[in-house]
Protein chains: 2
Amino acid sequence: MPRYALKVEYQGAPFAGWQRQKDQPSVQEAIETALARLEPREHRINAAGRTDAGVHALAQVAHCDLMRDWDPFRLMEALNHHLKPLPVAVLDCAPVADDWHARFSARERRYLFRVLPRRAPATFARGQVWQIGHALDIGAMREGARHLIGHHDFTTFRASICQAASPVKTLDEITITQVEGLSGAEIHFRLRARSFLHNQVRSIVGTLERVGAGAWEPDAVRRALIACERAACGPVAPPDGLYLAGVAYPDDPFA
Amino acid sequence: MPRYALKVEYQGAPFAGWQRQKDQPSVQEAIETALARLEPREHRINAAGRTDAGVHALAQVAHCDLMRDWDPFRLMEALNHHLKPLPVAVLDCAPVADDWHARFSARERRYLFRVLPRRAPATFARGQVWQIGHALDIGAMREGARHLIGHHDFTTFRASICQAASPVKTLDEITITQVEGLSGAEIHFRLRARSFLHNQVRSIVGTLERVGAGAWEPDAVRRALIACERAACGPVAPPDGLYLAGVAYPDDPFA
């Protein structure tokens, strides 16, 4: 059976997350249902990252096994046709080897977290940003974030329900920038690692927000990290601002 | 009665346009209804530009007359409270002179038109861009746009229902750039003039799109302009991509 990698964009709000669930809409189910319109049978697809309820993706990667040899462009068009009107779009399809796996072959995940600091309610980006009513000190947040880069025990920044075998991860990048958006200046957090713990990005962003607001000293991030206990974490940021922004593979199937 | 200028952001999709209408929702009515929650009576407000059905605003400007002296920040907060959950937000309020008029005092209007050229359906920007399935040649569109800059009879680019006294306008700027958005590269058209004719921006963008797609030569824009007849215009672009981006006054009330 030919295997295909799919690059997928979606809004998180209408879904209980990526993963198929009983009685709740999921992105996985939406795509599997579209696949069943092309090749009628039960489909099971795998994704690089199981995004939580409300979390968005700019470039989630999944793979599926099909019976027919599909032209990648026609496969993309057919899936998008059947996904309408859901806010899920297949951006690219590519044939991959039988042993290629969207999750296990991945070497790096990138996340984007958007914060809109303004009083007036978001109109265009509603549900697509974390809106806060105060300004954020980017310099202070960068100083706090510096402590998290590298190989650490991230127990503080891990959901209690996290199923990862170990809380030790290597965080390769946290970049914090101000970006001019349609609705004014946004703060963008970009995080990059081989893999992340459950709620790690939202826990880190929520903690750095406290630093940006002036409630925490930048050094408090270091102390929270070395405490290695969940209670030392700042408030967890809401899912609205979080996007799975990309997944890297040794051989990029979409290159 | 103290007069206030309001800077307003809104999504166009849920409304039949800015202007109050019988039996159809309008942005004007939404704001007048919110004002009536603050000072119960009938309110009538004026705006710098009467945006059409489906057209968005990043910074529409309107003015209202109130009985009480309102602190501008509290007025903004109160209006936003009563505007929820509509996708309309007051970004700023400022006291202005009794003879200041949002429409007649304005010296310049700026519009943004967003085009998303990609095959996969828009998810995050759905209804907020004009999505087209093919690439656009920016160089060719700039060459075509050059003919429209300056003082011209814009009859070709004017809706037949346009009520302006004269079709002669001065177009000060058309800037066409590629901008990286959340969903990939967008093409942004930015137009600036003292005032515009009805449907002028959408008529110009729709015509330039034909040039960008290779269906029209850039010089055909010049010939369309000098033809001075509506039939010479290209297809009118849909409202989804159009934003009233700003209004300039001799004395910026929000400065």
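Every residue gets a Cβ built from N, Cα and C, even glycine.
No curator has checked TrEMBL annotations; they are predicted automatically.
As recorded in TrEMBL, the features of this protein are as follows:
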ACT_SITE  A:D52  active site, nucleophile
BINDING   A:Y111  substrate binding site
DOMAIN    A:9-104  domain 'Pseudouridine synthase I TruA alpha/beta'
DOMAIN    A:145-250  domain 'Pseudouridine synthase I TruA alpha/beta'
May I ask for the distance between A:D52 (active site, nucleophile) and A:Y111 (substrate binding site), taken between their Cα atoms and rounded to an integer number of Å?
13
Helix, strand, coil residue numbers for the domain 'Pseudouridine synthase I TruA alpha/beta' (A:145-250) per DSSP?
33 helix, 35 strand, 38 coil
Near A:Y111 (substrate binding site), how many other Cβ atoms are within 10 Å of its Cβ?
25
How does the model score the domain 'Pseudouridine synthase I TruA alpha/beta' (A:9-104) in terms of mean pLDDT?
97
Among all the protein chains here, how many other CB atoms are within 10 A of the CB of A:D52 (active site, nucleophile)?
18
